[in-house]
Amino acid sequence: MTVSDKNGAIASWKISSARGGYRTPTGTYTPHYTSRMHYSKQYHFSPMPYSVFFNEGVAVHGTGDLRNLGRPASHGCVRSHPKNAKVFYDLVQKHGMQMTRVTVSGKPPYSPAVADGPRRRRYAQPAYQPFNGFFGYQQAYQPKVKKAKKKQYGGSYNTW
């Protein structure tokens, strides 16, 4: 991402655009909304610090996923390092949204389908035991509850 003013380029930094199955819209836009700390209603209230919205729900914003900067990783937004997003956000606040143009162009670089980062922790799965329970998985422990015998008319107990 390159940030420019009337005198030329001010800064340049790595960003993440849309990953496979999503798209970052290309073209030139005027921002229509800014938020110092926005939470995505569409994607599990994900934090989007220093958001500058330029095409409906698509924004330039900071991310906590720093290891994926420089390759496609988003649902369509332009992600950047939070410090860089703050610089851009502050410039938009200083110059105003009407004086700001966001131009999105080019194609993202190839990104492998499998993440090359550290392996994620796997959580314990239920114990598999063939011919036991539903599809071989043990059912959750449920203690047996003893039913209290109810008195029948006249004081005798029902024995069945």
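In case you wondered, yes, glycine gets a Cβ from its N, Cα and C as well.
As the structure is a computational prediction, the values presented were derived from the model and not from experiment.
Residues or ranges marked as active site, proton donor/acceptor by TrEMBL: His61. Taken from TrEMBL, the feature active site, nucleophile applies to Cys77. According to TrEMBL, the feature domain 'L,D-TPase catalytic' maps to 1-105.
In sequence order, Ala18, Thr24, Met48, Val58, Ala59, Val60, His61 constitute the residues six or more apart from Cys77 (active site, nucleophile) in its chain with CB-CB distances below 8 Å. Its own atom aside, the Cβ of the residue listed as 'active site, proton donor/acceptor' has 27 Cβ atoms within 10 angstroms in the protein chains shown. When pLDDT values are averaged over the domain 'L,D-TPase catalytic' (1-105), the model yields 92.
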